Every structure is written in structure tokens, then in C-alpha cells.
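*Asks:* Starting off with a structure, shown below.
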Amino acid sequence: MASRILGSIKEEVTCPICLELLTEPLSLDCGHSFCQACITANHKESMLHQGERSCPLCRLPYQSENLRPNRHLASIVERLREVMLRPEERQNVDHCARHGEKLLLFCEQDGNIICWLCERSQEHRGHNTFLVEEVAQKYREKLQVALETMRQKQQDAEKLEADVRQEQASWKIQIQNDKTNIMAEFKQLRDILDCEESNELQNLEKEEKNILKRLVQSENDMVLQTQSVRVLISDLERRLQGSVVELLQDVDGVIKRIEKVTLQKPKTFLNEKRRVFRAPDLKRMLQVLKELTEVQRYWAHVTLVPSHPSYTIISEDGRQVRYQKPIRHLLVKVQYFYGVLGSPSITSGKHYWEVDVSNKRAWTLGVCVSLKCTANQSVSGTENYQPKNGYWVIGLRNAGNYRAFQSSFEFRDFLAGSRLTLSPPLIVPLFMTICPNRVGVFLDYEARTISFFNVTSNGFLIYKFSDCHFSYPVFPYFNPMTCELPMTLCSPRS
């Protein structure tokens, strides 16, 4: 009887999760109690799969702040442990709860230990029974194998749990990165729209100032015209009210002046053609922005390499070049055209860099094979700027003429030994709605293309060289021309 009561109490204070006696028991709002460690682990699992905390038994939701220590249960568990460790209670465990006899037999059919009276009862009649000592080793081995199996499964379960947690952390990082990228992309779009709005409003303000200025001038003209008419009216009234002499004095001149009076109508602007505002092509802008973002993934770290002799000054960090007026004694023999190369050389892959050309009146940039002796005093520098001579460049002249330089005839591999032909290049005019302060250069060596982007104008394509012949390593090329303002290599975050 005592064992049965003890077993009943044990059931009441057993954790439904780990099936062991409660350790640091916590009670939920629904009244069920669990080990602190068990309910904490269950809380994490519930939030992961269900998005809310719920009781493992009745599934009623609960709040973590409502978990409360159950000291009464903890006290019962503590006393139960003491009772279970007493020798007399241990002895009761070894005896049959029904008959009080010692448990010496094992029933194979029921898989349980029984006493000799149980064996003779109707319940176990015909069952195979053995002495506990005879089957103990057999089942000890089975349980040992089961223990090893469960330990391995525990390791596998822990690994699966760790894998899930790692995947969860990885997904959180990935989602956070995607959120950051999305926010950055839309911020960039908002910045573009804000810039477009600002430009449109500035243009409208300029138009308003211009029209109002002309209308004010027109108003002044109308005021003068009205005053002139009033003077004539006043003269006529004076003559009509005066004597005959005053009436006829220079009457022909007065009549002629009156006949010549022609009212000038004020200038109006209602019929003039005004620039109609059109919302920007967002689809096109997004496509262009996507293309620019794609090539910017291949941002290369380029530094400028001094060439001697050269009419340029390079900054200490190798990121800026400016024109320097030549020293007199170097004017006699010039073996190199003004310009510098970027490092490292390019022999494969995709490469992108950006150049700040703000406020410069002239510049040239792009890609070239090398600074060979491609210029001298008697040859204009632009004649070298041809793909057949190893230059794929665009440039600005006279603060407004943008151009690309193509070969004047079919390409010949000048590095293979053919003589340089110094005929003028084919000039391709480039039209810019927004003048570029930053120019992006993208080189795809395998695709044999070089593209130039107007970063200032949301990354619109300026020009593209196709079917380029790269027989040898190529280099980024920079020429500040005779404008003393610098050309500066930009960093990805600038």
C-alpha cells in the first residue's frame, strides 16, 4: 500500500517533459508544472515553430513573465527523494506490492518481475518465467546496447538542433542583409527622385524669374506708354480750353503726333512653348541603376603610377593626378604623351573604377595598352586616341564637348610590329543631359568590352567599346589634359 501511495505521489511531481522528478519547478497559468530547464527549452521551441508560448500539455498560451516558482512542489520533491533513499523503502520496492513477497521471478510475456504467488495466479498462468538472475545479464546487455544507441541518437539530435540553430542564425543574418540592401536601394531611389524633383523645381524657379522679369519690363513699358498718352490728352484739353491762339499754336504738329500714337500691346507668354514636365521614367531608371549596381560589384582598387617624363603630379596616396606646366628644358624632346596609367595591369576578369572629374574643362580617361612612344612634339595627342593604337577612351574638351575616340579605319595590331598610323581618329560626339562629375569605367576582359557610366546621372551609359582587341595586358588610363583641376579615383563608399 505504501509503495502504491509513493508511486502516486511520484506521478504528481514528475515533469511531463523529461519524466523525471521536478527540478526547480515552475507553474504556468493553467496550473501545470515543469522543470525550469524543460519549460525554458520548450518556450524557445514553441516560439520557433508556433510563434507563441503554449503549455506542452493543454496547449493554452502563457506569458513568460507569469511563470512562478512552485515552492510547495519543490518541498514535496525534496521529501520524496529522501523517502526513496531510505533502506526500508528500498526494501519495499523489492517486494510485491500485492502479496508482500520478494520479487524473484521475471515474466517474459509481461516483461515484468513478479513474486512466486503472482506466478501461480490466473494472470500469469502459462507464461514463461525465469529467475531474475538468469535474465538480468541478457537484458542488461540489451539495455546497454539501447543506451549506446540512444546516446548516439542524442548526439545526432544535438547536432540536428545545432544545425537548425546555425541555419536559423544564418537566415537571420541573410534576411537582415537583404533588409539592409532593400533599404539602401530604396533610399538611393528616393535620393534620385529627390534630386529629380529638386532639378525640376529649380528649372521652374528659373523660368518663373525669367518670365516675371520680362513681364516687369513689359509693365514698365506700358506705364511709360500710358504716361505719354496722358501728356497728349492734357495738351489737347489745355488747347481746347484756352484761347484761339493757344488752340492753333503748332496745331499741325500736335495732330501729327496724335496720328503717330500707336499703342504697343504688352508681351504675353501664354502662347509660348513651355517645357512640359514629365515624370521620370522610373522603369528605365531602375534598369539603369540595376546595371550600375551590377558592375559596381567588380570594384577594383586602382592606384596611379608616375610616368617619366610627365606633365602630371600624382598625390602621395596614388589616387589623384593633376596637370603640371612643363619645365622649359623638357620641352625639347617629349617621348611620352601627357597621362598616367593605373595599377595593377589587367589580363583577365571584370574590373570597375570611378573617377571624379568635377569642374574640369577637359579630361580623357579609359583604358590603354601602355604608354608607348605614341606622341611627340609634331603629333597631336588626340591622334593617338584610337583603339588601333591601344587606346579606348572618352573625354571632354572646352568644358562642354564630350566625345569618344574610335579608329579611323580597320584595326591593326600595333603591338605585332605594324607602324603606328597617326591619322586623326573618328570623333563620336556624346550628348549629356546631365554633365558627369563622376565617370564609372567597366572593363570585361573576356567579353572584350569597355563601358563608361555617368554616375552623376543615375548611372546612365555614356558609351561602350565592343569587340576590343586585348592582345596584351591593359591598364586604366587617366589624362587631366591642360586643366589644372585634379582627376581623383573614388572609393566604393565615397
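Just so you know, the numbers here start at 1 and follow the chain as drawn.
The backbone N, Cα and C atoms fix where each Cβ goes, and this holds for glycine too.
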*Asks:* Between 15-59, 240-284, 285-329, I'd like to know which one Swiss-Prot lists as zinc finger.
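*Replies:* Of the candidate stretches, Swiss-Prot labels 15-59 as zinc finger.
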*Asks:* Provide the number of Cβ atoms within 10 Å of the Cβ of Cys96 (Zn(2+) binding site), excluding the reference atom itself.
*Replies:* 18
*Asks:* For the zinc finger (91-132), what's the mean pLDDT in this predicted model?
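*Replies:* Mean pLDDT, the zinc finger (91-132): 83.
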*Asks:* Rank the binding-site residues His99, His124 by the number of other Cβ atoms within 10 Å of each Cβ and report the first-ranked residue.
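*Replies:* Highest number of other Cβ atoms within 10 Å: His124.
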*Asks:* Give me the non-local Cβ neighbours of Cys118 (Zn(2+) binding site): same chain, 6+ apart in sequence, Cβ-Cβ under 8 Å, ordered along the sequence.
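*Replies:* Spatial neighbours, sequence-distant, of Cys118 (Zn(2+) binding site): Cys96, Arg98, His99, Leu105, Cys107, His124.
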*Asks:* Using DSSP, how many residues in the zinc finger (15-59) fall into helix, strand and coil?
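*Replies:* Counts, helix then strand then coil: 14 helix, 8 strand, 23 coil.
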*Asks:* Beyond the listed site residues Cys96, His99, Cys118, His124, identify every same-chain residue whose Cβ lies within 8 Å of the center of their Cβ atoms for the Zn(2+) site.
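*Replies:* After dropping the recorded site residues, what remains is Arg98, Glu101, Ile114, Cys115, Trp116, Leu117, Glu119, Ser121.
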